[in-house]
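J.: Have a look at the structure that comes next, please.
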Amino acid sequence: MFKKAETVIFWTAVVLSQVFGVICVVLAGFWGGAYGSGFDWNDPSKVFNFHILFMTLGFVFLFGDALLVYRLFRSGPKRPLKILHAFFLILALVCAAVGVRAVYEVRKDKPPKTLYSIHSWLGITLFVGFALQWLFGFILFLFPKTPMYFRKICLPFHTGFGLFLHCLAVLVALCGITEKNMFSGRYKELQSEEVIGNLLGLFTVGFHALVFFIVSYSAYRRVEPEELENDAGRSLVMTPNSFEKS
């Protein structure tokens, strides 16, 4: 009975996480489209909207889904999952790069200049940390010449730092949302634009909370997690009975 309940909770959390993630992206797009005059890379007044949308898509949604790969397909051979995990992460990094470029284009020729706020400092820290995490992850876990014993040593640090980076991404997003709402000069009036920003923050936290729960709860870990390579040919689709193998 308990195992069945865990399965129901797992799939409920997975579905809710995707609903929350999609809502985050939709809210980010709606915020820029409805209140920021839309998206146009050739119009300086509209370029900043790309920053909000692409940072949310990359460092919140795609990054979070990359963390879920090993839980959703917990019984499958590991190498395809490594490739899928790395693919999600590189997509997230590309989206974030577009977002960073957008805010640079907006701020380079007019005040306030970039890199003065805690949002900017933490954002650069996140971007650099994410890029290094991906690079070292590729070298350690996808490059075939890396010794197995060294992978085993590094794996807990890799997974722990990855989860920390997603926490940091949420913190950076909340700082950015608050900063944008403050710049409107109407935050204390809490008009519809500021409500959208606050809702984006709430759903971002909710998405991260669900991802954190799914990744951290021990019952949802991969089968035989101590093995870094598992090509036994088991199904990539998790079934309710999979929990009973843990």
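The count begins at 1 with the first shown residue.
Just so you know, glycine gets a Cβ as well, placed from its N, Cα and C.
Quick paste from TrEMBL:
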type	residues	note
TRANSMEM	7-32	transmembrane segment
DOMAIN	16-216	domain 'Cytochrome b561'
TRANSMEM	52-73	transmembrane segment
TRANSMEM	85-104	transmembrane segment
TRANSMEM	124-143	transmembrane segment
TRANSMEM	155-179	transmembrane segment
TRANSMEM	199-220	transmembrane segment
J.: Of the listed stretches (7-32, 52-73, 85-104, 124-143, 155-179), which one yields the highest count of Cβ-Cβ distances below 8 Å with the transmembrane segment (199-220)?
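T.: Stretch with the highest Cβ contact count: 7-32.
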J.: Where else in the chain does the transmembrane segment (155-179) make close Cβ contacts, counting only residues six or more beyond its ends and a cut-off under 8 Å?
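T.: Residues 52, 55-56, 59-60, 63-64, 67, 117-119, 122-123, 125-126, 129-130, 133, 136-137, 140-141, 197-198, 200-201, 204-205, 208, 211-212, 215-216, 228.
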J.: What average pLDDT is reported by the model for the domain 'Cytochrome b561' (16-216)?
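T.: Looking only at the domain 'Cytochrome b561' (16-216), pLDDT averages out to 93.
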J.: Taking residues 6+ outside the transmembrane segment (85-104), which of them lie with a CB under 8 Å of any CB in it?
T.: 41, 47-55, 57-59, 62-63, 65-66, 69-70, 114, 123, 127, 130-131, 134, 137-138, 142
